[in-house]
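These features come from TrEMBL:
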- 7-24: transmembrane segment (TRANSMEM)
- 44-66: transmembrane segment (TRANSMEM)
- 124-143: transmembrane segment (TRANSMEM)
- 149-178: transmembrane segment (TRANSMEM)
- 232-255: transmembrane segment (TRANSMEM)
- 261-284: transmembrane segment (TRANSMEM)
- 305-330: transmembrane segment (TRANSMEM)
């Protein structure tokens, strides 16, 4: 890790500690410690296993896309990819560092850069589709719950949904309407030229053309590897469900037994959608606020609610950072 990355980790840990201290400022310290000592550890262990399980399933997705004849990554080497992704998603705005970090990890493992880019692009497309499908299913199953709980946060959910739809539509247009998409981008760039210098506009145009060309070329691989894509979609759906179920078992660990797993998954999907809009790494602040706002209905005790927020945040955010740091420290094995 570079000094800049280490600094980012340190800053995010400080921000997290600051948020927790702020949220706990009016709480009775003895009551908070009592709640901590009263945790049902078996359910907390299940929550840990769900997080690790989601990374293991993502590892299988990496292996599926990497496999090409006799070329493949062993499990230990492939596991390093999602763990490194977790670290850099956590310390970069809008999780923008996750893709380059995965590319670096694959290349360290001996995967050629072009092939690694292709694998990550296919993985990204599948993931975006499954996130959108999860969100739509969540709305269909729990629309009443969403409208009842979210209030002012609903605008963020709608905005997040619109962004995901735009991403998916854009990807589909490049895949199936390549020439039309390139023309459309050129038309969109015309008004951009009113605000930037011609040289800047040309550079932006060339960069967009290159990205569209690259994605179109890689999308041809997706179309040819339908069985792999279907397998990856199924596994990614499982990966997301494991992740979305984590707060349910955190609530059980706190002794909150009067909630259904479906309701909790619905709320967690919405929290993830909201957090994705915050430009701060890890959605710091927005994630904690969303959790407290949405789960306050189920957790009457302020001490339990803050402790639940801390445990959930540790499992879904800081645990990934820790595992990512360990993965970065371990020398990669060159397989592919």
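Positions of Cβ are set from backbone N, Cα and C atoms, glycine also.
Most Cβ pairs under 8 Å to the transmembrane segment (7-24), among the stretches 44-66, 124-143, 149-178, 232-255, 261-284, belong to 261-284. Scored by C-beta pairs under 8 angstroms, the transmembrane segment (44-66) has its highest count with 232-255, from the stretches 124-143, 149-178, 232-255, 261-284, 305-330. Residues 125, 128-129, 131-132, 135, 184, 212, 215-216, 219, 222-223, 267, 270, 273-274, 276-277, 290, 293-294, 297 of the same chain sit 6 or more residues outside the transmembrane segment (149-178) yet have a Cβ under 8 Å from a Cβ within it.
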